[in-house]
């Protein structure tokens, strides 16, 4: 190994230098302020815990994507958290089991996976979200979708769009109007997800073909879905989607992709993905789900979203403006300097005669008690 | 294993429920705002990286206290960070090697160790700090000590006190006025650290006995140290300590313990520990140190501090006040609600007729466009 090798960071792990870290702080503060103003109380969770506890509360948590190792203290397997939602579900089911419902919680923190996700090599990401525990109604979904949009806009995202989906659509239809042999259900799901009409027919899902056209801008796609739903099995869901769209449509572009499944492994009747202009890929997703209770307690319904704002942070950091920095010469009046900070200046104190105000990024210098432009 | 075992968190790892998480956010924001106002730019570092990189930059980093495991991607050893200072040193020596000096950086994040520290079983802690890279002068130290005090006070600490130490005191004295056989140096250090007069004599350190009395309130202890320093080997350090005390003495109680070593394994000429009223144990420490450069580059001097604010967060969370929470009945005017949030209300929207404003912690209810006390 070369000496310099020691400085390399592992693949998919990186630092945020000042501009990126500034953008990261800005995004987190703005989003949390929005969540707090809607009554979502912040919780914080450990970066590692028992593997079993992380995997236990929700379907679809992929243990094999987590870093796992033996705890020398307990001799049990620990894992680095790859999803904070599962930890918040644990808190809701244990420490806050007795808190009144609906319970509104928010969180943010770093999550880690062994490998990156698809084309994105990152193994560590910021996750920031909100969970509304004890409700998965149309009202709950509307609040959560609206909150996700508002949090992203406050964090600096523009041109937000939201794609709605119905994660258990095939289950619902095949149990009702459009029965399928149970051995074909998974294949039909996959072909719908892949938008593969030929494959759908081969899987015995001809009757599901119209779903491939109920995709796109919300207003037209929901009409296609309603026309397809001749038996009315989906009527309550379609009405719910329309109500949610009416509530949030003024704040974001809406689309519908009723059979999209990727990323919604633990969602129940509703799911959504959120995007913003100029930011590659999605910024997060959410929906309704179920939290397993303590032994002997029933599962609890919940609605929530998780944002992964790293691409937004990258795009905002490129646009970071210059701050007003005031150079304080050696022997400056410390009271005056303190007053300048109180009115918003960032001050940079000289430590020796060699310190160069311009090199240190200062736009002004304290002279005779005043900030003078350099 | 019992079913409920799955919910237990590993020893030394825990959640922060809403009051604690609120206090944690308050502390971090207040401290970072102080650091930013003094020109310290925030950086963020990964929660894990190559073990060698974490251990390499600074003396005294204890690899065996870190969680370590093989990275399935690189097949090299990774470690969870146990100290962010070493990561910031890496950034200063690599990504920001060309940035002008002095370089001011700040950071915060969770750090993890395999075992707790002494009586404290916690294995995960919040670390928050500032590093002034390229300077370890009296001016640099004064800025860093003052900043640590100001950050803690802004975060809500009261009755802050600071204990100064001279980490390389025995090396300096034994190389000068009070020579020691090299085989005795470590024993003398240990006996001074333990305040063990008998042991000190046994270790051949009789001449060092007066140091045991140069301890306590700064003004008297520094006089003892000056009286002891008949040869003047310590004259420049004593002058520096007096200058630093003059600068920060108005903001904190100051004490001196010149031969304290614990926790200062990588400090050079100056170290300090910081405390606050009503908070058990210390809240952090800092001092001057050296950052190893890239191959072929010289080490760089630096000054910094690390706070571990968890005990402060605990004490502040107990004092968390009630917030003003406004209940929004079903069918409320959404524009009015938005205006109420804009003027500082936390709103809690009803999702169904069953939602109970009082149970949900609301003090007021929106009625006829007004906030009415419940």
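In case you wondered, yes, glycine gets a Cβ from its N, Cα and C as well.
Fair warning: this is a prediction, and the values are worked out from it, not measured in the lab.
Here is what TrEMBL says about this protein:
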BINDING   B:83, B:84, B:85, B:127, B:131  L-histidine binding site
DOMAIN    B:25-329  domain 'Aminoacyl-transfer RNA synthetases class-II family profile'
Next item on the list: Please find which two of B:83, B:84, B:85, B:127, B:131 have the most distant C-alpha atoms, given that the record lists them as binding L-histidine, and give only that distance in angstrom, rounded to a whole number.
Entry: 13
Notebook entry, point to check: Neighbourhood of the L-histidine site (B:83, B:84, B:85, B:127, B:131): other residues with Cβ within 8 Å of the Cβ centroid, in order?
Noted result: B:86, B:87, B:88, B:107, B:111, B:129, B:304, B:306
Checklist line | Conformational class of residue B:84 (L-histidine binding site) under the three-state DSSP mapping | finding: helix
Notebook entry, point to check: When you measure from the Cβ of residue B:131 (L-histidine binding site), which residues in the chain that are at least 6 apart have a Cβ under 8 Å away?
Noted result: B:85, B:88, B:89, B:92, B:103, B:104, B:105, B:106, B:107, B:302, B:303, B:304
Margin query: To see if you understand the setup: which same-chain residues, six or more apart in sequence, place their Cβ under 8 Å from that of residue B:127 (L-histidine binding site)?
Written below: B:83, B:84, B:85, B:107, B:108, B:109, B:110, B:111, B:306, B:307, B:308
Check: For residue B:131 (L-histidine binding site), what is the secondary structure state per DSSP, taken as helix, strand or coil?
Finding: strand
Checklist line | Integer average pLDDT (0 to 100) for the domain 'Aminoacyl-transfer RNA synthetases class-II family profile' (B:25-329) | finding: 92
Next item on the list: Measure the Cβ-based neighbour count of residue B:83 (L-histidine binding site), defined as the other Cβ atoms within 10 Å of its Cβ.
Entry: 21
Note to self: Given a 10 Å Cβ-Cβ cut-off, pick out the one of the binding-site residues B:84, B:85 that has the most other Cβ atoms nearby.
What the structure shows: B:85
